[in-house]
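Over in TrEMBL, the protein carries these features:
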type	residues	note
DOMAIN	546-698	domain 'STAS'
TRANSMEM	79-101	transmembrane segment
TRANSMEM	121-144	transmembrane segment
TRANSMEM	194-217	transmembrane segment
TRANSMEM	229-251	transmembrane segment
TRANSMEM	356-376	transmembrane segment
TRANSMEM	397-419	transmembrane segment
TRANSMEM	439-469	transmembrane segment
TRANSMEM	490-518	transmembrane segment
Amino acid sequence: MAEFNDVHSGTEMPEGDDAKCSFHNRMFLEPQEKKRSVKALVVKQAKKSCSCTPAKVKDYVFSFFPVLQWLPKYKLREYLLGDIMSGVIVGVLLVPQSIAYSLLAGQEPIYGLYTSFFASIIYFIFGTSRHISVGIFGVLCLMVGQVVDRELQRAGYDLEPDALSVLTDTAAYVNTTISPVNQTSQELLCDKSCYAITVGATITFIAGVYQVAMGFFQVGFVSVYLSDSLLSGFVTGASFTILTSQAKYLLGLDIPRSSGIGSVIATWINIFRNIHKTNICDLITSFLCFLVLIPTKELNEHFKSRLKAPIPVELVVIVAATLASHFGKLRETYGSSVAGHIPTGFLPPSPPDWNLIPNVALDAIPIAIIGFAITVSLSEMFAKKHGYSVKANQEMYAIGFCNIIPSFFHCFTTSAALAKTLVKESTGCRTQMSGVVTGLVILLVLLVIAPLFYSLQKCVLAVITIVNLRGALRKFKDLPKMWYLSRVDTVIWIVTMAASALTSTEIGLLVGVCFSMLCVIFRTQRPEAPLLGWVADSETYESLSAYKNLQTKPGIVVFRFEAPLYYINKECFKSTLYKQTGVNPVGVKTAKKKVAKRMLREKEVDSGVNETSISMDFVSEPLGFHTIVIDCCAVQFLDTAGICTLKEVCRDYREIDVQVLLAQCNPSVRSSLIRGEFFKEGEDHLLFHSVHQAVDFALGSQGRSGNSASK
């Protein structure tokens with residue numbers, strides 16, 4: 001049987017009391033045999049992937065379409081009532097939000113209803129979560145809207161209305177005689193609304209393709225780089241941009257939508273420049289809607305445990321505002337901006353504009369990642385709460401198809417949304433059958449009710465959008481608690497929030513990811529590295545700086561480095577070790593050499609005996625310790641630079657008669673040390689299972705050396 005001796009010492013087992021001490025320093029471990037044949041692994045994986053059996057095909061189909069697994073097991077009497085109730089309630093809430101968020105995405109209201117309908121039905125087929133509500137999400141609508149506005153300007157739709165109408169009137173005469181040279185020719189084929197949904201559907205299609213590709217290549221790990229604090233800061237920062245984009249509707253101002261870096265500041269400058277043009281009717285309507293929505297929303301949250309279902313105040317406000325606008329003739333009398341004609345039924349499907357893909361492919365990357373990350377995080381959160389599991393890669397397929405398929409039906413990007421998911425869960429949802437009920441509610445609106453919202457003022461939709469931002473903006477109240485729990489997470493939240501609000505959502509997300517990764521690097525670059533003391537009557541060693549009444553063993557220094565040892569922090573490791581021990585072996589060696597040279601010169605010139613004796617005393621001055629034990633329990637891995645650093649430290653200390661012992665190394669670190677030929681430097685390089693064993697060995701070895709010296 002192969003034996004692995006972590007000690008790597010060539011000394012024989014001593015007898016008597018010394019044997020007692022040496023018992024602690026040996027570990028015999030037999031390593032597991034690892035198959036490192038790449039060819040064998042590739043062949044095995046290929047056979048596994050290429051084999052096709054009826055059972056495997058069935059498993060694949062059932063895993064790709066989760067609805068086939070749970071629908072036959074659906075408990076009609078137990079689940080149906082809760083699913084119907086939650087589906088109806090979410091549908092009632094989703095109708096006004098779909099119409100409102102359409103403005104945020106730069107689209108007509110009908111397209112928001114299309115999006116919510118298709119997302120609910122498709123996730124029912126592909127999703128693995130029983131509770132999340134997939135549909136329109138404000139931050140994604142904002143990101144889509146920014147791309148739509150940019151492409152509209154590129155296509156020439158930022159022209160004045162009069163010039164645009166003249167250009168449209170002459171379209172018929174030039175359409176057949178002039179070949180298009182840029183995207184401005186698109187306005188000859190469809191109006192601004194048509195081109196806007198073309199852009200929105202194209203970026204939705206590309207985002208969905210990215211998400212499906214992420215699922216196919218099983219790169220769900222990408223979401224781990226989006227921490228909770230980063231996502232929270234991003235959503236809060238984007239909420240400022242959403243609020244800013246809707247402010248002009250509250251005042252009834254007709255100003256262009258700013259985009260790019262600093263769009264929030266530019267928009268507010270435009271608002272204040274045009275504030276004298278405020279539509280008083282829209283302003284009063286907005287104020288009244290706030291007075292109704294905010295208190296009612298607060299009551300819903302305060303009494304959510306007592307209410308069987310939340311009060312659908314948004315729907316009530318929309319119905320009341322539509323009736324008031326229609327019978328009060330607010331558009332004709334006061335010039336209020338209204339939703340306009342919302343057609344019934346569905347438009348015929350059409351493919352995305354393939355020519356637009358190069359323009360929006362880069363913009364779709366953050367949209368795809370944010371949509372996936374939010375969906376998976378919510379799925380896992382509610383699955384853990386209710387005791388079932390979800391598959392992250394299948395969730396990527398689900399949310400990807402919720403974007404790819406609807407993009408052919410004039411829809412824009414979707415993901416899970418926390419607010420609607422909470423409502424769905426609290427109202428009795430048991431399965432995604434509630435999503436089908438929600439889709440039927442929206443379908444009823446699409447087929448029958450939609451045209452009745454013609455007179456609905458846009459300022460009412462803006463108020464609904466802003467009121468739904470309360471949850472994200474309330475995160476500021478949690479900052480003191482977050483700061484108490486983790487200052488690093490708080491700084492990440494603040495940086496991401498500020499970058500998202502002051503620059504743009506895409507840049508804010510990139511800044512947040514880069515900053516959070518830098519924080520991880522900085523924390524490993526300057527980690528904690530305390531000296532340890534012994535807890536009496538135990539085998540435990542803890543930080544001397546953190547706890548009182550710890551004891552130290554004479555002549556032994558115990559040092560813990562609380563981070564991986566690699567090229568970034570190798571100098572920090574050495575400098576901290578030298579500082580904590582109070583001895584720099586390089587400096588001691590240099591001083592000894594200087595003193596030795598001086599002694600040699602003094603002997604040569606027959607200098608006084610007194611000076612020579614002083615120098616000899618300096619050379620032989622004790623350091624105060626004879627052993628350093630390095631506790632490696634927090635060292636997750638070593639790279640080449642880390643191994644060389646340990647070799648260098650051990651060699652330098654050995655040259656000044658100090659032995660260095662390593663304790664509590666994990667298998668990865670032990671393997672790295674063996675591959676790096678760490679133990680071939682000499683017999684003093686010893687490895688121990690615990691700090692206590694290393695200290696016992698150091699005390700025993702010092703006792704043996706003392707006895708041999710006395711003899």
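Each Cβ is built from the backbone N, Cα and C atoms, and glycine gets one as well.
Unlike curated records, TrEMBL annotations are generated automatically.
Ranked by the number of CB pairs under 8 Å to the transmembrane segment (121-144), the listed stretches 194-217, 229-251, 356-376, 397-419, 439-469 are led by 397-419.
With a threshold of 8 Å between CB atoms, the same-chain residues lying at least 6 positions outside the transmembrane segment (79-101) that come near it are 109, 112-113, 115-116, 133, 135-136, 138, 141, 309-310, 312, 314-315, 317-318, 339, 420, 423-425, 427-431, 433-442, 445, 453, 456, 461-462, 464-465, 468. Same-chain residues lying 6+ beyond the ends of the transmembrane segment (194-217) with a Cβ under 8 Å from its Cβ atoms: 105-108, 111, 144, 147-148, 151-152, 155, 157, 186-187, 352-353, 356-357, 360-361, 363-365, 367-369, 371-372, 393-397, 399-408, 410-413.
Away from its own ends, the transmembrane segment (439-469) comes close to residues 87-88, 91-92, 94-101, 103-104, 109-110, 113-114, 116-117, 120-121, 124, 138, 239, 242-243, 246-247, 249-250, 252, 282-283, 285-286, 289-290, 293-294, 297, 314, 317-318, 321-322, 325-326, 330-331, 336-346, 419 of its chain (Cβ-Cβ under 8 Å, at least six residues beyond either end).
A mean pLDDT of 81 is what the model gives for the domain 'STAS' (546-698).
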